[in-house]
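As given in Swiss-Prot:
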- Cys38, Cys43, Cys49, Ser276: [4Fe-4S] cluster 1 binding site (BINDING)
- Cys64, Cys68, Cys71: [4Fe-4S] cluster 2 binding site (BINDING)
- 50-265: domain 'Radical SAM core' (DOMAIN)
Amino acid sequence: MKKNKNINFKPKWLRVKSPDKYNNIYKISNYNNLNTICKSGSCPNIAECWEQGVATFMILGNICTRSCKFCGVKTGKPNKIDFYEPKKIAHNIKIMKIKHAVITSVDRDDLKDMGAIIWGKTIKAIKNINEKISLETLIPDFKGRKDLINIIVNEKPEVISHNIETVRRLTKKVRTQAKYDRSINVLKYIKLISNIRTKTGIMLGLGETEEEVIQTLKDSRNANIDIITIGQYLSPSIKHFYVKKFIPPYIFKKYENIALDMGFLYVESGPLVRSSYNAYKHIFLK
């Protein structure tokens, strides 16, 4: 894999000011040793989201069994399951005064249930402690197992999301252990068995063509996916898949308009957009 010598030379539209008004959530998450993808993923929108009372929590540890070339989460042998985690997450969301929580996780292919039971218990614990909180669950693919997907659906989060991440041609390179059609079918199945809002996300700048992006939008909409996010890929390190191109803002706007014309209920498209950006807005759509 080639190293991108220009990885540190980002265009001006990708530069953001250092966050300075999210101390409360930051301190609590550090004190309680909570895994937030906001921090571990170095999200550029961390201050904006946390100030709005929105945060993304990662369950089932911080070591993933998969080795996606775009992702900054550690790969290896995960730790043992913390069966108290659902209650811990729920309690801390309450004291943080979170209004809308996004729950995600590492892949746990080492477990028979791939972590689905902890997933279900976490959703239930959060809802039990605060009925008014809204939830988005950004789930792994569970290798397409419907019995495991059903566990999530049965707890009725407001939004269930699963990211396709990239176009079909690049999936094997970027998401080594994932499958493009499997990801599409996970979301398609959720829509077939429920009225829960579905969502996906893709990254640009990996070497995809315009035609491939548009086809991915079509594939997503054909699966009745309601919401899509489109953002610029930024390589976590020189060991990861390198950025082939920084996409200018007007191209993101173009894709936003195309996606809306296809019938998506909501589209977030821009260089700094990440999967959970403006997530709280997605529950108020008609």
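Cβ coordinates are placed from backbone N, Cα and C, and glycine is handled just like the others.
In the three-state DSSP scheme, Cys64 ([4Fe-4S] cluster 2 binding site) is classed as strand. If you take the Cα of Ser276 ([4Fe-4S] cluster 1 binding site) and the Cα of Cys71 ([4Fe-4S] cluster 2 binding site), they are about 15 angstrom apart, rounded to a whole number. In the three-state DSSP classification, Ser276 ([4Fe-4S] cluster 1 binding site) falls within coil. The Cβ neighbour count for Cys71 ([4Fe-4S] cluster 2 binding site), using a 10 Å radius and every protein chain shown, is 20. Cβ crowding, taken as the number of other Cβ atoms within 10 Å, peaks at Ser276 among the binding-site residues Cys64, Cys68, Ser276.
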